[in-house]
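Taken from TrEMBL as is:
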DOMAIN    31-647  domain 'Major facilitator superfamily (MFS) profile'
DOMAIN    452-507  domain 'Kazal-like'
TRANSMEM  28-49  transmembrane segment
TRANSMEM  69-90  transmembrane segment
TRANSMEM  97-118  transmembrane segment
TRANSMEM  209-231  transmembrane segment
TRANSMEM  258-280  transmembrane segment
TRANSMEM  336-359  transmembrane segment
TRANSMEM  375-396  transmembrane segment
TRANSMEM  403-423  transmembrane segment
TRANSMEM  533-559  transmembrane segment
TRANSMEM  624-646  transmembrane segment
Amino acid sequence: MDQNQHLSKTAEAQHSEKRKTRNYCNGFKMFLAALSLSFISKTLSAIIMKGSITQIERRFDISSSTVGLIDGSFEMGNLLVILFVSYFGAKLHRPKLIGIGCFVMGIGSILTALPHFFMGYYRFSKDTPINPSENSTSSLSTCLINQNLLLNRTSLDIVGKGWEKESGSHMWIYILLGNMLRGIGETPITPLGISYIDDFAKEGHSSFYLGNLFAVTMIGPIIGFLLVSLFSKMYVDVGYIDLSTIRITPKDSRWVGAWWLGFLVAGIISIISSIPFFFLPKNLDKPRKEKKASVSLPVQNEEKSQMAHLIKQGQNVSETVAGFFQSLKNILTNPLYVITLVLTLLQASSHIGIITYVFKYVEQQYGQSASETSILFGFITIPTFASGVFTGGYIIKKFKFTLVGIAKFSFCSHMLSFLFHLLNFALICENKSVAGLTLTYDGNNPVASHINVPLSYCNSDCNCDQSQWEPLCGDNGITYISPCLAGCKSSSGSKNSVMFHNCSCVEVNGFQSRNNSMKLGECPKNDQCTRKFYVYIVVQIFIFFSSALGSTSNIMLVFKNVEPELKSLAMGFHSLTIRTLGGIPAPIYFGALIDRACMKWSVNNYGKQGSCRIYNSTLYGNTFFGLTTGLKLPALVLYVVLISVMKKKYQRKDIKTSENERKSVNEANLEPLSSDAAVDHETHI
C-alpha cells in the first residue's frame, strides 16, 4: 500500500515537472517572439524617422539645424530614463517594463504623426490656392509690366490667412516631443530583453538565441526602407485632395510625401508588440527550493528577515556609492579606455551625421527623389553592413588576434574606409545654372554671390515677387526662379502640364526669342553628374563594408582594456558618452553647417526664413564631407596613439612576467640542498 502511494506521488511529481517544463518552454518562446517583434518595431521606427527628415523639414518649413534638434530628441528621451532602467530594471517585472516601453514607443510614433491631422493642406507655393480643388495654375504670376505690387500683396495676405495652421506655427514641436517619447519607450527593450534571455535560456543557449534575435531584427530596417520609399511617392495630403491638381513631382524640392503614414504604421506595430509582455511572468523557472523555503517560513519571520535586509541595504548604500565613484575613477584614469572612448566618439559623431543627412544629400546633389534614395540605401546598406560585421568577426576569430592585433585590425579597416571616403570629394557635382542665383537673370553671365542679384533688363519692369520659388526649365538648360522673373508674358495648359510663353529672359544660342516657351520644374542634372552618382553608389558600398569590418573590434577594445569587474560600467559609460556627446549634438551642428550652403530659402507666412529650396552643390558637398573628414582623421591619429600605448603597456607586462619567471627559476636552483646531497657535496669538496 505504501509502495503504491509512493509510486503515485512520484508519478504526480514527474507529471508536474513535465508540465512546469512545458510552461517554461512556452513562456520563453512567447517572450522571444514578442521581443523579436519589439526589436523589429524599434528599428522600423528609427529608419522611418531618418528617411522622413527631408519631408518633415519641407512640411514644417524649418531649417536643417532644427530638424537635427528633432532627430537628437530621441537620445534626449533615452537619457532621461536610462539610469532608472539600469538600476531598477532587473529588480522589477522585466517583461511588463518592456511592454510599457513598447507601448510608450508606439504612442510616441503616433504623436509624431498627429500634427498632420491638425494642420491645413500643404501649400508648396505662395500661388497655391487655399482650396485645393481650385485650378492651381490659374494664379501663377507672370510678368505684369507697369503694374504695382498691390495684387501680389493682396494675394499674399489672403494666402497668409490659409497658412495660420500650417508652416511657421511651431507644430514641429509635437514631432520633437513624439520622438523624445519614442526614445523613452525604447530604453528598456534592449538591456532588459537581453538580460532576461541570458537569465532564463538553457545553459549555453543564450548566444544562439541572441544571434537569432539580431538576425530577425534586420527585418525592421528592410520594411522601414520599403515603407519610406512607398510613402515618399504619395503626396502628403493623399486622400484629401484631387491629386491631378498637383503640379509638382517627387523630384521637386518642394515635394512632401505622406511622411505621417510611416509613423502611424510603426506606432501600431509597437503597440501590438507590447501586448504579449503583459501576460508573461516575472520569472520563468523559479527554483523549487525557494518555493519550499517561502512556504515553511512563518509570516513574522519573513517580515523580520525583510526588515533586516532593508537595514543592511541602507547601511551599504554609502559603501556602494563610494565604490561606484572609485570604479568610475579607475576607468577614467585608464589611458587606454579614455583614448578608445574619444576615438569612438569621433567616429560615432561622423556616422550619426552621415546617416541623418545622407538621404538629403543624395536628393540635392544628384537630383534623386526621396523614394528612389530610400530604396537604394535599403538595398546597399543592410547586406553590405551585415557581411562586413560577419567578415570582421570571422577574421578576428580565424587569426586569433591579440588585443594589440585587434587594435591594428580596427585601425586598418577604418583607414581603408577613410581612403574610400576621400573619393567622395571627386564625386561632387557642379552647381546648377540658375538665373538669379548662379547667373544673372538674363542667363548670360555668372555672379560672384547668390545674395541680392540685381534684376536684368528683361524683368526689371515686371514687378515680380523675388521671394517666390516656382522654377522653370528653359531650352538653354538654365533654371529660372519663377515665370515672372523669367519675363514670361503668358501661359497655357492646365494642372501639371503648364507652358509659359514669350519669356524675355530666355536666350537660346545667344539669340532672344519672343516666342520662347518654358515648362514648370527645375532642369535635370547633366549626364556627368548622373555618371558620378553611379560611381558614388559603388564607393558607398566599399565605405560601409570597410567600416563594418572594424565595428566588432571597436566594441572589444572598449571592454578588453579595463579590469573584468569594470566591464559593465565601462560599456555603460561608453554608451552614455556616445549618446550625450554624439547622438544629440551631431545632427544639430551638421544641419547648421549644411544650412550655410543654401542659396534660396522659402519664406513662411510670418515673413521668416523657412526651409531651403536649392543648395550650392559644391559648397554642400565640401561642407558635408569636410566635416566628416574632420571627425574621422583625428580618430585615426588616436588609433596610432592607442596602439603605441598598448604596445608599451603589454611589453612591460611581458618583461615583468619574464623577470618573475627568471627569478622563480633562480630561486628554485638556489633552494637548500637535501641532507644526502649536502653530504655528497661536502665529500666532493
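The count begins at 1 with the first shown residue.
Every residue, even glycine, has its Cβ placed from backbone N, Cα and C.
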Mean per-residue pLDDT computed across the domain 'Major facilitator superfamily (MFS) profile' (31-647): 82
The transmembrane segment (375-396) in contact with the transmembrane segment (624-646), cutoff 8 A, at least 3 CB pairs, sep 6+: no
Contact yes or no, the transmembrane segment (336-359) and the transmembrane segment (624-646), 3+ Cβ pairs under 8 Å, gap 6+: yes
Seg_contact(the transmembrane segment (624-646), the transmembrane segment (209-231)) with at least 3 CB pairs under 8 angstroms, min sep 6: no
Interface present between the transmembrane segment (533-559) and the transmembrane segment (209-231) (three or more C-beta pairs under 8 A): no
DSSP residue counts for the domain 'Kazal-like' (452-507), split into helix, strand and coil: 0 helix, 11 strand, 45 coil
In contact by Cβ distance (the transmembrane segment (97-118), the transmembrane segment (258-280); 3 or more pairs under 8 Å): yes
Surrounding residues of the transmembrane segment (403-423) on its own chain - C-beta under 8 Å, 6+ positions past either end: 347, 392, 395-396, 539, 542-543, 546-547, 549-550, 553-554, 556-557, 560-561, 625, 628-629, 632-633, 635-636, 639-640, 642-643, 646-647, 650
